[in-house]
Amino acid sequence: MSFVRVSGVGSYVPNKVVTNDDLSKIVDTSDEWISSRTGIKKRRIATSENTSDLAGKAALKALKNSAVKAEEIDLIIVATTTSDSFIPSMACKVQREIGAKNAVSFDIAAACSGLMYAMSIARTYIIAGIYKKALVIGSEVLSKVLNWEDRNTCVLFGDGAGAMILEASDLDGIPFMDIGSDPTKYEVLTSNGLALSNPFTECKADAAHYVEMNGKEVFKFAVNIIEKSINDILEKENLTIEDIDYIVCHQANYRIIDYVAKSFKGHREKFYMNLDEYGNTSSATIGIALDNMNDLGLLKKGQKIILVGFGGGLTWGSALVNW
Ligand code: ACO
């Protein structure tokens, strides 16, 4: 049996920057409202690249960062809810794009928790000795499924991709992971897929795939699950919050993270945030945050980092990473 470590991170966001002021020209909103309610100042919006393009570029950066060659990758998992094709999968497109000719590739969907789910699957395969080097990616072009006339949702999201390389290792680089789902409240965060449409049904095709959300319910769920996930990791790994260097939560909303940070008094600075720059990029946020932290020189060997994702489903996932 082998351990697993994170050996590289990468991310990619489209060039087009859309500020809160830009949005105030499209819907009845303001920089003041968006900044004070969410912490978001701007986001990137895809104008020519789709979900698989963003995923491929994030993957190339993660490969470079880890010094792993594309041919060495034996597993590729892309987490997304905004695929640019049903067939082939985004993972197969990435595999072709980067030339990972020895990999098996597939997609998974767990909304904003997607990257944590993908990590958990890859970690399990590696621990079982089935694969040695995995590429996991969260990639989203949420701008395709936003109702640009609905100020309640369109101001919250952005497009982007985050990637990680996981490798078999003698060091226990991911000693703990947990994923979970509770569909009893699935209706608080939804985006419809294709409706029934064939010559034998009376159902009428419904073209609206818009993200719809009960913000207050999501807020309550998020603060509870983040706090619980952190406390579970500390208890199960026999650690205290003092032992942790960074906590990287799904970047949905400044107020969610700030609320949780108040429960860990004196450790506010450990909660990394970059949602002012990118908004909520769903399954991509944690990968983008880790890559930004790496570029800023914040991540150092031996550090302990807690990751917590949460999202539609409702779903959640957490990990303790020894960097
Ligand atoms: N600009 C101006 N006014 C707005 C906007 C906007 N963009 N959006 C909503 N409003 C208005 C509403 O219409 C409402 O007006 P009314 O009182 O006249 O009806 C008023 O602001 C208050 O609306 P609320 O929904 O009560 O606003 P709230 O303070 O709850 O903030 C928010 C909304 C930011 C979504 C909040 O509920 C929240 O933080 N929720 C967490 C969920 C979240 O962040 N989701 C992200 C995606 S989900 C995920 O990633 C898992």
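Just so it is clear, glycine is given a Cβ too, placed from its N, Cα and C backbone atoms.
Where the annotation comes from TrEMBL, it is an automatic prediction and has not been curated.
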(message) Of the residue ranges 151-155, 166-170, 216-220, 251-255, which one carries the region 'ACP-binding' annotation in TrEMBL?
(response) 251-255
(request) Using Cβ-Cβ distances, find the residues under 8 Å from ASN280 (active site) that belong to the same chain and are at least 6 apart in sequence, listing them in sequence order. (result) ILE40, CYS112, LEU142, LEU156, PHE157, GLY158, HIS250, GLN251, ALA252, ASN253
(message) Let me check the 10 A CB neighbour count of CYS112 (active site). How many other CB atoms are there?
(response) 32
